[in-house]
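Here is the structure we will look at, set down as structure tokens.
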Ligand SMILES: Nc1ncnc2c1ncn2[C@@H]1O[C@H](C[S@+](CC[C@H]([NH3+])C(=O)[O-])CC(=O)[O-])[C@@H](O)[C@H]1O
Ligand SMILES: O=C(O)C(=O)Cc1ccccc1
């Protein structure tokens, strides 16, 4: 069954108390609209994944999409690569997301081998894999859990494998960070969000989405064993990195 995606109006009316942001049914119903209007470069990042897979993934190899939400990474890869090019496992902790992702993927790409499991990426028993995508997911884990997850992902990757890590980031320079955040709010305003929506969402995300600096991400990847990582995309305070299991990757 296919679903309409509603316009995100979750923070549009004044709330007495802004509850912590969670990936519940209400967010699921408007998620494609929310993420497209709230994440600069989201579409460009998805559009590049097929090209990255073509360069780095052995034909037919396995891919993990961790924190898959509605399965956008699987959909993007399936639109760019034939069914025999890869097998994908999406993982998400939110039952509402998983249910909707399964329906969407079955309807949109029935010929591709894509499964979705409800699980926690901190404790999952990982199988050997050729490519791992964390598209705006690590930022929702508590900071003390992040090193161990990245280390486990390094172990799961096969030789020649790659990890793509997209995140909201903070700039260590306070003035530069303020400029990025203010222009990000301009970006949201230009995409139809009001000042009230911007400020209430910001409150809801406090202590829920905790961004690191790019340097902290590269350091963590290095500590986990990745011999090489680079920032391949940045748009204001949103960035995407790629880490290579093997130094001599193309
Ligand atoms: N411990 C966890 N284990 C599994 N999933 C988790 C965990 N914590 C949070 N999540 C899940 O991570 C996802 C983050 S959204 C990813 C977008 C998607 N990648 C996309 O490309 O459209 C990003 C955003 O909304 O900014 C949510 O679905 C959570 O349920
Ligand atoms: O809207 C924000 O402020 C963000 O940082 C992006 C986002 C997008 C979807 C869910 C949570 C955060």
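Easy rule for this one: first residue shown is 1, then count along the chain.
Positions of Cβ are set from backbone N, Cα and C atoms, glycine also.
Binding of S-adenosyl-L-methionine is annotated in TrEMBL for 42, 67, 68, 69, 120, 121, 202; the matching candidate from 135, 177 at the same site is 135. Around residue 67 (S-adenosyl-L-methionine binding site), the same-chain residues six or more apart in sequence whose CB sits under 8 Å from its CB are 91, 92, 93, 121, 134, 135, 136, 137, 138, 140, listed in sequence order. Per-residue confidence over the domain 'Methyltransferase' (63-161) averages 98 (mean pLDDT, predicted model).
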